[in-house]
Amino acid sequence: MHVQASHFIDGDYAEDTDGRAFDSINPATGEVIATLHAATPAIIERAMAAAERAQREWASWLPVERARVLRRASDLMRERNDALAKLETLDTGKAIQETLVADPASGADALEWFSAQAAGLSGESVPLAEGFAYTKREPLGVCVGIGAWNYPIQIASWKAAPALACGNAMVFKPSEMTPLSALKLAEILMEAGAPKGLFNVVQGFGDVGAALSTHAKTAKVSLTGSVPTGGKVYAAAASGMRHATMELGGKSPMVVFEDADLEDAIGGAMLGNFYSTGQICSNGTRVFVQKSILEAFLTRLAERTKTIRLGDPLDPETHLGPLISEEQRRKVLFYVEAGKSEGARLVTGGGVPEGEAFAKGAYIEPTVFADVTDDMTIAREEIFGPVMSVLAFDTEEEVIARANDTPFGLAAGVFTRDLARGHRVADALEAGICWINTYNLTPVEIPFGGVKQSGFGRENGRAAMEFYSQLKTVQVALGKVDSPY
Ligand code: NDP
């Protein structure tokens, strides 16, 4: 694939071949689809300087003018949906039937929705004894976005849209495993009329992310990544009193009560474990099922899991493509072995599919373990692959305590026909987002993010605007200054 250059800076592609070369690989075939260069210090300086310049200009625009650019960008992204989806499938290995509906589409939703937020940006007015005060939301400055590899264009858009809506500029570093689609977002924003330098992309590994996180011009860092990386990036941001949003990993519980609609609960559990070949931070990887329906749940779950079609991710009939890399498959297989050796019952999957079609990609079967107990490795650690753990429970009180017994707190789900119980359990679960009778839906209108070790700050929803802006209070006196001096 022809890539014009590795980086996108100040409105155009940029290259510095002194940077370490790395390949972007199609995980389904092992083929190199592009060779890029990691950012050198000179590239990082250029990107930060361009962003700083552009931000000053952008912040002087009327909010409604900024809104128009974001709205045009969302239209362009929708027009290019099919090409962008194909690019995302080539770069991530995710099935085209997913990327056509979930990746650029969700990015376009974010650009569109935050364009409306930009236009409606306002503060509050507070009456006081002798006068009043008003507040206004001001931009932070240059924001750094750092992305994971599972939803590249979505992550870039979810960060860029609210950041730009608030009047900030952004320098974005994609995961080096999926470097391509963020460049397309940069092209789109420029075509939509953004000032040059407003959204820049620099490529590289963790050291580039670290250099951006500690750069003197950086006002905020927003990371989507793992908990250990989150710890490092948060510490780096704190060193300069920078703002931070941490969207990190999880080990989220999904609770299925005996009165739940069984087919819906199974569908939710499958989507919440197998979509994107299981590489989703909010996946409900601990599925607690009430004992009275456990065997019925497992029987039907196994039947439906066996209908999942693995294969070429570009084939529209394929449900599951490969994992992102061979290394990730080794990690997932390690957990499958841990599940077996620690006494979990393998219900289905657990292996590597055989045959020519799977020979070159990091494919793995969708896997279900039953008889999982809370102390097992597969019930405690994030796997980031299509491995579901089913745990049995008796009572509501018991399952809430067990569901919360984790350092993570990204997401949670509850399936029940009892409305009061649904709300009661959602209330009690320690998670940033809870779903009742559905799972893993992330429409742009609702805030998304974690508690506990899963991070802080929120993406999407009006809440995201608070995390990309700072409040200024202005008090206005209408009387005389009352001074004893
Ligand atoms: P990593 O934490 O390994 O990497 C995330 C990003 O941070 C990458 O771009 C990475 O670069 C960069 N990075 C690594 N070290 C540093 C550093 N010291 N300073 C700054 N940046 C750094 O995550 P993965 O890419 O492996 O993604 C999987 C993880 O992401 C999972 O744990 C998953 O749960 C989480 N995730 C969370 C989501 C959420 O919204 N809560 C959504 C999606 C994923 P490089 O790629 O070169 O290492």
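Positions of Cβ are set from backbone N, Cα and C atoms, glycine also.
TrEMBL: automatically predicted annotations, no manual curation.
G249 is the residue from G249, G349, G350 that TrEMBL records in the NAD(+) site together with G147, A148, W149, K173, P174, S175, E176, C281, E382. D91 is the only one of D75, D82, D91 that TrEMBL places in the K(+) 1 site (with S24, I25).
Nearest in space to K452 (K(+) 2 binding site), taking C-alpha to C-alpha distance over the binding-site residues D91, G147, P174, E176, is G147. If you check the binding-site residues S24, D91, G455 against W149 (NAD(+) binding site), the ones with a Cα inside 10 Å of its Cα are D91. When pLDDT values are averaged over the domain 'Aldehyde dehydrogenase' (16-474), the model yields 97. Nearest to I25 (K(+) 1 binding site) in space, judged by Cα atoms and limited to the recorded positions G147, E176, E247, E459, is E176. Checked against ligand 1, the recorded positions I25, W149, E176, E247, C281, E459 give W149, E176, E247, C281 as the ones with a Cβ under 6 Å from it, listed in sequence order.
Sitting within 8 Å of the Cβ centre of S24, I25, D91, and not among those site residues for K(+) 1, are the Cβ atoms of D23, N26, P27, V32, I33, A34, L90, T92, M177, T178, P179, L180. A Cα-Cα distance of 5 Å separates G455 (K(+) 2 binding site) from E247 (active site, proton acceptor).
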